[in-house]
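Data first, discussion second: the structure below is written as structure tokens.
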Amino acid sequence: MGGEIDNPIYSRKCCRFSRFSSKGNFFPPACLRIRWGCSAQNLRIFPMQKQQTVAVGKSVVLTCQADASDPALVSQPQWRDPKGQIINEAASGTRPEIYTEPMPAKQLQLLYISSITPAMAGNYTCEATFTNMPLSASVILDTFVAITWTNANENQYATKGKDFKVMCEVTAEPAPSVDWFKEGTPILTGDRYVIDVNGLLIKSIEESDDGTYTCRAVVIQTGELAERNIKLEVYTAPEMEERETRVVIKEGESASITCKARGKPPPTYSWIKASTRENLGTASRFSVNEIKGLLTFDRVEAGDYGKYICSAVNQAGHNETEIEVEVLVPPKIFELYNTTAAEKTEGRLECKASGRPAPRISFRKLSSSERLLNGPNDDGRIIIETSNRQTGDQMQSSAVITITSLNRTDDGLYECVAENEGGEARKNGHLTVQFKPTFDHMTNVPIWSWNSQPVNISCIAESIPNATIKWKFHDVDLIESPQVRIYGSGPISYVTVTPTDRSLYGVYKCLATNTLGEAEHINQLREAFPPGTVTQAKQETITATSVSFNIVGPPEEMGPPILAYTTQYKENGNYDWNLAMNRTWSANSPYIVENLRPMFSYDFRFAAVNRVGVGSWGAPITVIMPRRSPPEQPKWREAVSSESLIHGKFADRYELQWKVPAHNGEPIDMYEISYCPVMKVSGEWRISGESDCLTEELKSYEAINYEVRGLQPDTRYRMHVRAHNILGYSLPAQLYVQTALGVERSGFAPPQLLSSGAIVGIALAGVLICLLIVDLLLFCFRRQGVIATICGKRVKTHKDDETKLGSTKPRAPPSPAPLPPPVKLVPTPTDEKEPLKETGDDAIKRNSSVEFDGRRVYATSGGPIIGKNSAV
């Protein structure tokens, strides 16, 4: 057999080997030469490399296959490990590190190594038999360690300003070489970079060092190459942003404060109160937003003031800032008591208020708008002193107002005003100044009575405390009787006297007393009589139909004030005063008699009237009325000079207004209005041109105004108004007017056709005019009708006049004199009796009013004369 093996030609032909050892001691694997013919039986191992290198940790599969002409003659192959031990098949449901798996149908035996280790390296042999002839094949497994990243996280984080090593630990066998790149640029060891065996050391990290670094490992022996991209993120510690170090919030409201810090990654925030070290994230009434750094106060309290610490934290570090929180507490006035002090002594009011910051307190008297200043006021008579101190969470302020030498004007309400940045509070305190009784407010006018009429004598004492009142009559204590009744004992008291006997007239003295002193007031009860004779009555202004008088009344020592004057007048040829007409005027009014007949003589006599009645008639005077004539000159309603220039409000119109003049015996039937453009030359008004003058007539005897239209803008006009009656024109009332600039239209509507309503109105006006004409005829011929009633033309009988002018019928008792309202009065017990009720008429009856020469004159045609404004 040895010679056959050494024959290379035969071997190439039968076994298809490319080489044979010339010494015959080398046999190719899986090839066994068989005696029978040229065919050879062998085993093949796949992969077919004789020596294979596998990385540690990798899985390996080796397949052993019989190569024979008749595979059925080959036994099932089996594997032996480098120690010669048979490698068994895996038990059902298990996967050992090394096991075999047969495939009989294909005469295959598979060797599985799940994770190879260096200890598993060596020679693995596959064996089988062919017709009892042994067959075998083997393979050598070598191992090596591949590049492995053991500490090279793909995301790493550094802190700005510190040294940091980008970790990249790599293992391999044989040992690898490592180099570094940043963003594709090689990194070499230098001032800032140090390449170490387990990473890249970067000194004093900056934000610019942020980026992607590549760690590259190379094993020269195996040609293995691996790269690891590591993203380095540079973190920066929180840095607080600048902000206000002091925050002001208000008590009772919701408020928020915030702090912000720059850092990477964004920091989270927490808040604590410096004084208590309390974490406000878990405290009641507080909430903390850890992401935004927002601290929210719910219902701020006074005790929330102080320092708060905001802390910002991230992976790079932490930082904190301190914020001063000031809580504004609006002022509250908690003490201000009313005080009482006697006149000419010292009075004090103290006002206390709390708040934060300390309230500023000031005073003012409620009756004055000016505040009192801290320190001396009123030449040092009023002094205000203030102070403040800490009380708990708030400040307390106090202010004292001290008034020396008190007088009654110091009495009243004083307003305390407490202010701070949170708001203000106000409260009133009363300073009561006690003083002895006084009657300064009461007058000393006499109290009048007549015909045994009861009167009230009043006594009202001003004082604090209230005074007690006693009465004296002729310096003797007043004793009640059926004619004398006393009501009230202070501070208000009335005495009702019914003077049925003249001895009850005299001095009634009122004495008021309190703890500070006493005072007295004298009341004179006097018997009243009708007025004396009128001292003087003379005519002043006379027209054809009217006359006005100047009346000087009699002295008033004997009775109450004069309330009115009355006159009787008749034609001179009539000697019976009982048939005379009368007029009555209130005192100090124009004394005018109208509707007299021109060119007639009249006798007038006058008497004064007071509350007692009508005085005696004075000596009659005779007045001769002038003849009928044109009306008196009209007078303007506004008191303007006839030469003055008035500037009108409108450019195209002006309204004239005048008073109805006396008609002088014949009724006014129209007014003539004329106006001419004028200019002033050498200080005198001159008409521009007579042809430019316009005249208009107003057919009315009661007209008192007229609007002149169609005027030129910025033009001066002379305007005349004349009254006319059957006897001619009056003197003109003159006025100079300058119209306004520009053209301003009056806004009058254009003429329109009469509506049905207007036609009805015109018809009603015609009926009224007819009725007026009939009434005027009745007045002229019969002295009857509405006009006669108004003008009082009905003839009075002597009995009527005497009854109305001199009635002695008892009237209601007089009322007490009006007094100022009492001051500082406190109710005191009084008797159940009531003072005299005030009754009677308080005004002179007026039956008509007439406008004469621009004045309104009130007159009455008879009736009882009763004065007003009684002094009783």
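In case you wondered, yes, glycine gets a Cβ from its N, Cα and C as well.
Quick look at what TrEMBL annotates:
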- 29-129: domain 'Ig-like' (DOMAIN)
- 134-231: domain 'Ig-like' (DOMAIN)
- 238-326: domain 'Ig-like' (DOMAIN)
- 331-432: domain 'Ig-like' (DOMAIN)
- 437-523: domain 'Ig-like' (DOMAIN)
- 530-628: domain 'Fibronectin type-III' (DOMAIN)
- 630-743: domain 'Fibronectin type-III' (DOMAIN)
- 758-781: transmembrane segment (TRANSMEM)
- 798-845: region 'Disordered' (REGION)
- 811-824: compositional bias 'Pro residues' (COMPBIAS)
- 830-845: compositional bias 'Basic and acidic residues' (COMPBIAS)
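Here the domain 'Ig-like' (437-523) lies next to the domain 'Fibronectin type-III' (530-628) in space: the count of CB pairs under 8 Å, restricted to residues six or more apart, reaches at least 3. Shown for the domain 'Fibronectin type-III' (630-743): DSSP residue counts in helix, strand and coil, namely 3 helix, 56 strand, 55 coil.
The domain 'Ig-like' (331-432): residue composition by secondary structure is 3 helix, 69 strand, 30 coil, according to DSSP. With DSSP classes pooled into helix, strand and coil, the tally for the domain 'Ig-like' (437-523) is 3 helix, 49 strand, 35 coil. Within the domain 'Ig-like' (238-326), the DSSP-based counts of helix, strand and coil residues read 6 helix, 51 strand, 32 coil. Within the domain 'Ig-like' (134-231), the DSSP-based counts of helix, strand and coil residues read 3 helix, 66 strand, 29 coil.
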